[in-house]
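Worksheet: the structure to be examined is printed underneath.
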Amino acid sequence: MDSFEINVMQYIKKQQLVDAGDRLLIACSGGVDSMGLLYFFHMVRTQLKIEIVVAHVDHMLRGEASATDRAFVEAFCAERNIQIHSTAIPVAQMHAKEGGNLQTICRRERYLFLEKIMGTARCTQLVTAHHADDQLETMLMSLAKGATIKGLQGMVVSRPFAQGKLIRPFLAVTKEQIASYLQSRGGTYREDASNAKDDYTRNRFRHHIIPLLVEENHHIATHAVQLASQLQQDDVYLMELAQGAYTRIVKKTAEIYTIDIHVFQSESPALQRRLILILLNYIYNDSSTLFSQSLLSSIYALFETTNGSATIHLPNHYMMQRAYDTVTVCPHKVYEERAVEVVTLNKWLNYGHIQLFVGTYIGQHDGECYYFQAKEVSFPLHIRTRQEGDRMQLANMTQAKRLSRLFIDCKVPLAERDSWPLLVDAEDEVLAVLGVRVNNKFSKCRRTEDDCVLIVRNAH
């Protein structure tokens, strides 16, 4: 066993990437990195007491050249009696049909195939050939795009994938070391001509930026791997603290998340940033939704003050709104719903966070009680949410007050105004903003002529 193999074996042991009896799926394109990976695991499979399976994807973007890559990998595996699963995917056709980023489609389709083979081949780990240089490139590209905390941490050495996990044992070595190892073993590989072009961001970093950094320090890629590992370890600990804070600070009812700004501000900035990330992870429970640093900065700014109100439109039709000392997040559809419900007399009705009773006097109760005369309203009564131009006539006022102004004066959170229940009569006159104010036809004290009562209380 040479020094390269010893180095990678030590890394595998330290990171606990492989156990005896595991069945590894090696992702192999035929290039120098993945062929080095395949050679390595073929050489050490007996010592590790593992089985290896190979997967290859032809994206059909380079015509005969990519078909030759596939044949090359298949021949290598056939000569060594290694099980291989290969496929060709018409990525160009998909791109022409759906648009978007070509490389994103390549990655999506490639990993869908790898996930499928993980199951059919009963593999426990997917192994990719990402190395230290890739880690450096990833961190720098993330920084250039406007890095988030997660982006600066680069790639993790291991993460869940399919029914097992994805591992990157070559993060312990550089591309130069992989090429030297493959040459020392007499290995051959295929060269992808597109790697020489500057069409892709990663290639531009690889060709023009990384070489300058390597001139300054030949070990910079290794240092990047070490830094990424330290950042990841720190983040695990801080995320555990933030998760505990999240359960105290963030309240969820149905699809609505509510955060008290004062309580949020009492946490350290490091936990505040992670609280936002945890909240977004709960809302977007799929990894395909990406958040730019500019968006996260806007969200942080929303929590910096309780003055006035502000709104941020989030991906996938979500909204985040601040009103006074509260931030609320929910789907946009919640604000657009205009539910109408008929109020049945002499029967309690649940409506969101409100319970109400309209009818004849029922004696003792535990809610707010408002008395009125039945002849002054048009039955049946309904509950709905606000509409453009809604007004309500308040006691001791000569003109009806716009509900938009009333909500502000009564400090109803902006995010809740469009869904707040209103009590209206058959002529659509607003009788009450339930739990907030009633119109001039109601009285807190029972008058001689009053023959009906409105009782409002919290549902919880």
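All positions are counted from 1 along the displayed chain.
For all residues, glycine too, the Cβ spot is worked out from N, Cα and C.
Caution: TrEMBL annotation is automatic and unverified by curators.
Listed features, source TrEMBL:
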BINDING   SER29, GLY30, GLY31, VAL32, ASP33, SER34  ATP binding site
DOMAIN    381-456  domain 'Lysidine-tRNA(Ile) synthetase C-terminal'
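TrEMBL feature annotations superimposed on the structure.
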residue : record           : contacts (Cβ under 8 Å, 6+ apart)
SER29   : ATP binding site : HIS56, VAL57, ASP69, VAL73, ARG190, ASP192
GLY30   : ATP binding site : HIS56, ASP69, ARG70, PHE72, VAL73, TYR189, ARG190
GLY31   : ATP binding site : TYR189, ARG190, GLU191, ASP192, ASN195
VAL32   : ATP binding site : LYS175, ILE178, ALA179, LEU182, TYR189, GLU191
ASP33   : ATP binding site : ALA129, HIS130, HIS131, PHE170, LYS175, ILE178
SER34   : ATP binding site : ILE26, ALA27, CYS28, THR128, ALA129
Counts of helix, strand and coil residues, the domain 'Lysidine-tRNA(Ile) synthetase C-terminal' (381-456), according to DSSP: 11 helix, 22 strand, 43 coil
DSSP three-state assignment (helix, strand or coil) for ASP33 (ATP binding site): helix
Overall pLDDT of the domain 'Lysidine-tRNA(Ile) synthetase C-terminal' (381-456), taken as the mean: 91
Near-site residues: ATP, ref SER29, GLY30, GLY31, VAL32, ASP33, SER34, CB cutoff 8 A to centroid: CYS28, MET35, GLY36, LEU37, ALA129, TYR189, ARG190, ASP192
